[in-house]
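Chemist: The structure that follows is given in the form of structure tokens.
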Amino acid sequence: MIPEQIALTELERDALTEIVNIGVSRAASSLRKMIGEQVLLSVPSIEVVSHHRAARLISEREVADLIAVRQDFTGPFSGRALLIFPETNSLELVRAVTGGELSAAEVVEMEQEALAETGNVILNSCLATMANMLKRSLTMTIPEVLRGDGAKLFEVDEAGSEEGLVLFLYIDFAVRMRDIRGYIAMLMDIPSLATLKELLDEFIASVVGDDA
Amino acid sequence: MSVTVMIVDDSKLARIVAAKALTQLQPEWGKVEAGSAREALDVIDAQAVDIALIDFNMSETDGLELAAELRAMRPDMPIAIITANIQDEIIARAREVGAAFIAKPVTGEGLSGFLSGAALKLKTTRA
Amino acid sequence: MPEADAGPPPGAQAAPAQAPLPNADRAAGSALNDNQLRAVLAAAGASGSWDWDIAGDRLFVDISFAELYGLPEADLSQGFPTATFFRAIHPEDRARIRIAVAGMLAGSSLFSKEFRVCTPDGKVLWMHGRGQSHLDADDEPVRFTGLLVDVTERKRTEERLRIAQSAGGVGTFEYSDGFATVSVSTEFCSLLGLHPADRLPVRTINAVVSEGYLPLIPEGVQEALPDTLSGEFLIRRGEDGELRWIARRGEVQRDAEGSGYRLLGVIYDVTTAKRQESALRELAETLEQRVAAEVAERRHAEEALRQAQKMEAVGQLTGGIAHDFNNLLTIIIGSIDMATRRVAPSADPRVRRSLEQAMKGAERAAALTHRLLAFSRRQPLDPRAVNVRDLLEGMSDLLSRTIAESIAITIEARGSGQAVWMVEADPHQLENAILNLAVNARDAMPGGGTLSISARNATFTGGEGDMPAGDYVAIEVADDGIGMDEDTLAKVFDPFFTTKDVGKGTGLGLSMVYGFAKQSGGGIDIASQPGAGTRVVLHLPRCHGGPAEDHAYHPAAAEHGRPSETILVVEDDDDVRRYAVNALCDLGYRVLEAPDGHAAIDLLRGAEKKVDLLVTDVVMPRMSGSELARYAREAMSGLGVLYVSGYPHDAIMHEGRLGEGVDLLSKPFTMQALAAKVRELLDR
């Protein structure tokens, strides 16, 4: 089912997991600096799936309406990164990142803008770190705040007009003290994946050397 | 010594965070904010600005382009690019236009090195 | 306690707090005293610890680590080249550990890997290396510290557990509060029919649970969490949509500070057990239903039996009373008859009138006992083939006279496209029954109405009430009068039950009809509702023969006897016997009498003259009338026999009807009836 050229070897998968780990560690560190609380991260989950299944995975994750900050990235590998959390968490997150300096009314007024900036910081630090690890550069769009279900956030058509495969990657995060939870998700197109695979092999070669 | 810092960021939250860090380090300094490159140029025209803190990721004109324009106008002005996009390439491009690089989210620690350097530079330039 | 020892909660990694460990970590270790530190680490299950100085590119390890790797103890304080870290790692594991460490050196926050270490003495041990990076202000990692824990034993256990789980079809899961996904085993996914994955969204898992069941993975308010995860769930498998039962067992582990929790558990399929259980339960439930139905049916049958027994008992009683009563009436009527004959024409006319009144009263009493007998089904019937249509037509005159003018009468006899069948019944009793029903109908319509009498063919296939399968003619008498309620309806066949005012009815009408129908091999149905009239249907069995010769309509003329004709009267009741003897003497016969069978036989044997006719009671002590008749005929051939009875019995009854060739005179009888019957027999 998965085309030969994009099937990741175990080492490549390890390498990708590690690179994502580095990226989200950096992102979590950024978030921690913004809200001054410990941020818990799960082990990244990486799957190569169809567009359709990716949409299902997203829509199955959450019952509640979602809010997301989305950034598309282009470069040697292209795709879409999202910071997603239940809409009910939104104001709490805004309150957290604004450090209690704003009135309730201001928090509401600032919501959209504050979410965009938070997503910008988290997704940028994650993607930039990954780009650095792979020694390539990525171009990132201005963050966009979206509301809706999973399929809408990824602009994936559940009817399945898009047959292609994607790399679907997500990491749960939770801020216990603030009752904030969410996840970072990334979708990468398969043509980009072929490139990513090459980049991963380069990375492995540089790190592992003769032990590969 | 009167110093005015211009904070350019399309995010109000980012401007608040930067201004807060700045106030911690240099409570006496004046602050002026701009929400875009165009606004920043208007501010420069209208008043004296000594230091610029510029967000990279902005629509229309990005922070590096604005930094290059300012550099052309004010070769000696201390400029810092502030962004969470910590790619080596961005850092290198910031250096090319003679701007410092400060990672987002901005903290006092992250900002202090640049500000003390800038203060020193202003002192020598004015002297 | 070294920082590295305090790991984040399992299943989660923490972004470390700003590198709190000073470079003097090692100094702290040495200050603590190496032996003490080793003891603490060993107690914690550690097989060694390391401190990778990223900036200085040097690896520092403790003595356990050095022993494990076979490093010279003397060099501990100087540290080792960082590549040393990988030296003892099994070649097959080395590449992935290099990748993981590269991640740590680049800023990844948590290191948690299992790998094999080859010890200097040639052993291969499984190690779990857990570590974390320490970052500077710019988020640059400066140190990477960690612990090695020997998990060789655990690995074996895990392997055994894995085999046990897959063999036993047990799926495992672990969920950290706050995450949207659950860490699961492959078996877990396949049990639920889900795409195999290491982590599944909570919602994906809970979506397979059927409506009405709690979620498989409880979320949200932790106060509502149970202490254990025991539960059973009906699920619809993701892949094939099959309905299965899944059991869940496990534990809820709360964080020490109580702010969060973890769920650790297993699931397994219990469909077979559940199905057996439900099959058993269903069996038990339907058993109850079946028993209930059986009991209801039985109760119904018992009720019917009780009713039948009641009717039977009442029948016995009334039959017995009627018998005795008939004897008395025979005497009364006979005596009045006799007295009337002997009253001189010149006598006081009041005497004659009184006798006539007495006779009328006695006749009414006789009619009453006759009806009682009809109900008790002990009246002698004389069934023959009867054309119902003709019978109904013949009754129309009588009916019009009996029924008030305010009531319209319709009489209709039709088959379904064919003539109404013949029935086998006693025509007199049938007329009586119809008349009875018609009178009841009339009384139910005090304000006038329509009385409909009809006859039609009906075929029963069995199962219609208590009627045996077969062809019947249904004779229906319906009115549109006041009707009856259910309570009344339930009692209408009871003798002496009447809805009529005291003195207006005997309460024997319907019960007599009932008795007649039963005795004729048919049945009776009644339907009524208050205000909606009453409909009574009499079913009589079809007769396949043609109409018999109507010999009942040839009344014998009252004839006197001759002294040459000898009649033997046998009757145990002295009064009745005396009456009969007197009556026959009066008629001019020579009469012999005997109180019982034995005396009668003696008389016959010793008789000088031929006896022409035996008139005997049916029911007598010691010898019954039929026995006597048999012996008497042996003793004297050509002897005629006339039975007299107020209580005909099996001896002369064949299924409730007179046997062939048996002549019966019902008590009470008038002298005229006796004379006619005796004459008829003697002349035959």
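Cβ atoms here come from the backbone N, Cα and C positions, even for glycine.
Keep in mind it's a predicted model, so treat the numbers as computed, not measured.
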Chemist: If you check TrEMBL, which stretch out of C:1-28, C:57-84, C:197-224 is marked region 'Disordered'?
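Modeler: When C:1-28, C:57-84, C:197-224 are checked in TrEMBL, region 'Disordered' belongs to C:1-28.
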Chemist: For the record in TrEMBL, which of the ranges C:102-143, C:144-185, C:228-269, C:270-311 is the coiled coil one?
Modeler: C:270-311
Chemist: Taking the Cβ of C:Asp617 (4-aspartylphosphate) as the centre, count every other Cβ atom within 10 Å, in any protein chain shown.
Modeler: 25
Chemist: Take the domain 'PAC' (C:229-282) and count its residues per DSSP category (helix H/G/I, strand E/B, coil), listing them in that order.
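Modeler: Grouping H, G, I as helix and E, B as strand yields 12 helix, 27 strand, 15 coil.
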